[in-house]
Ligand SMILES: Nc1ncnc2c1ncn2[C@@H]1O[C@H](COP(=O)(O)OP(=O)(O)OP(=O)(O)O)[C@@H](O)[C@H]1O
């Protein structure tokens, strides 16, 4: 059992015994009982009773729950999001007054001594296990960066790139990405939605199979939904006939499935450093959603002489589990020699250059509307003035800036209400006539996204609010009002993977009529997946969802409800991820101060990756 799992089981019991500083911080909601329990346990095992040291240990566990691999002692967030979703500034608590003195006490503790459960380095505190994973990832990536690069037939590569990128300029970044991913053991294809990452992966497969028709390629993604979409997209990509034949139909799987689950443990896999994966190339999509732990397991399982291509959007929210390896790698200094060198790139007909560590950024958006692309750029650049200017001026962006979301019926949301109600009517109308494709399409037109789960700005409250609007409208569906469970038009969100049914956490669908019965339908390329509703496991509604939950999906219009500026969840990555879920239109509801606070707060996750030398 891991320390954190232990704590989850035993948390309440141990918390009841907590006293002193830990009790004060737990009572106020800064720490969860499970954080305190882990700290107490470490203290007991390491015979440490310095309350400030134990507070740091508990805060390091709290940081993990919030996605940070380590705790920065100098910048611990004192505003807390409480269980009921309200914000509490805890600056009045007895926080250690001087971070340097706090660090000195930690440095003197047995807990941070070699072999101890904590690691202290340059003002950062880790649970040892995560520091080891970070070191492993760093070491594996460094070993791959310094190794002799893979053998490549440069003439063949150039010819394949010319064929697959006919008409593209020699400095085209998609072409460069294919070249770099072929010429290095590790490469990163980074880009926002619609920048052609999937298109580039399809062409990369053609390039690699052109170099070696028998090479074994694994396509993987952190979620089943992303894997299914990737496999479909790559298999459907229009390529020159010979290339298409060489690529064939490609299956993608989850990273967990690729590595092979083990019955005895959820944190280890069948493939590891001792039993490597057989593949010559491993391509991972949606890498921003891969945690540090999973990345460590994946990298150790890949053969030294196999290519790894990490694809994703480093500006998006990091995974719910701790670690943001894609973001870390994109901003890390060069881990080995700068490769490919300019002569090699010239030999294969590329005039652009990759960033350090084989990172190629695709920055031309082929899908999203230009207003949204400009807004996303301003958010990424941290330019609050420009973000506000875009929001107020661009025709496809709507900024609803003076609404008090804490009111029961906030004024100023008439357009949102109209959009939600007419969308639900459209879904229901299509569902009643059994038109699955149209119902699914209508259901993906608009999404209401929240940063918080609970409280006045949270998903639970806004999902209920939408229900109230629909009830008041009365025109959506009589069955819904009559309490029928599987009423035609009922939107569905799958919350756990079911490999037998082919349903994945995050899949969205809708109930539609089939004669006198109803079926649940889920989007799957041209032909929707149809299932009897009774077979469905855990599903909820989609009236409102967290920005995290929407990661990996796009909708025509997105409305994002921002919490107040002091919310610790309000970050640049959150706002960027939310607005880039939209293809055509974005509505931001929140104060200008909240927008600025989000744009100004870029780093939501701490990691020590950049500190490796
Ligand atoms: N070089 C290009 N020229 C013209 N159209 C392109 C090019 N690259 C991609 N596209 C088109 O842009 C759209 C988005 O491409 P793609 O799906 O590959 O982007 P993506 O980055 O994978 O997006 P997402 O992150 O949303 O999955 C597709 O319709 C694709 O055909």
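From the backbone N, Cα and C atoms, a Cβ is placed for every residue, glycine too.
Database features, via TrEMBL:
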- 191, 192, 193, 194, 195, 196, 197, 198: ATP binding site (BINDING)
- 28-125: domain 'RecBCD enzyme subunit RecD N-terminal' (DOMAIN)
- 543-589: domain 'UvrD-like helicase C-terminal' (DOMAIN)
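Helix, strand and coil residue tallies for the domain 'RecBCD enzyme subunit RecD N-terminal' (28-125), in that order: 43 helix, 15 strand, 40 coil [DSSP].
Proximity of the binding-site residues 192, 193, 195, 196, 197, 198 to ligand 1, judged by a Cβ distance under 6 angstroms to any of its atoms, singles out 193, 195, 196, 197, 198 in sequence order. Following the DSSP three-state reduction, the secondary structure of residue 198 (ATP binding site) is helix. Shown in sequence order, 313, 362, 365, 366, 367 are the same-chain residues outside 191, 192, 193, 194, 195, 196, 197, 198 whose Cβ sits within 8 Å of the Cβ centre of the ATP site.
In this structure, of the binding-site residues 191, 192, 194, the smallest number of CB atoms within 10 A of the CB marks 194. According to DSSP, residue 193 (ATP binding site) is assigned to coil rather than to any helix or strand.
Around residue 195 (ATP binding site), the C-beta neighbours below 8 angstroms that are at least 6 residues distant in the chain are 362, 363, 364, 365, 366.
There are 23 other CB atoms within 10 A of the CB of residue 197 (ATP binding site), with all protein chains counted. Counting only same-chain residues at least 6 apart in sequence, those with a Cβ under 8 Å from the Cβ of residue 196 (ATP binding site) are 174, 362, 364, 366.
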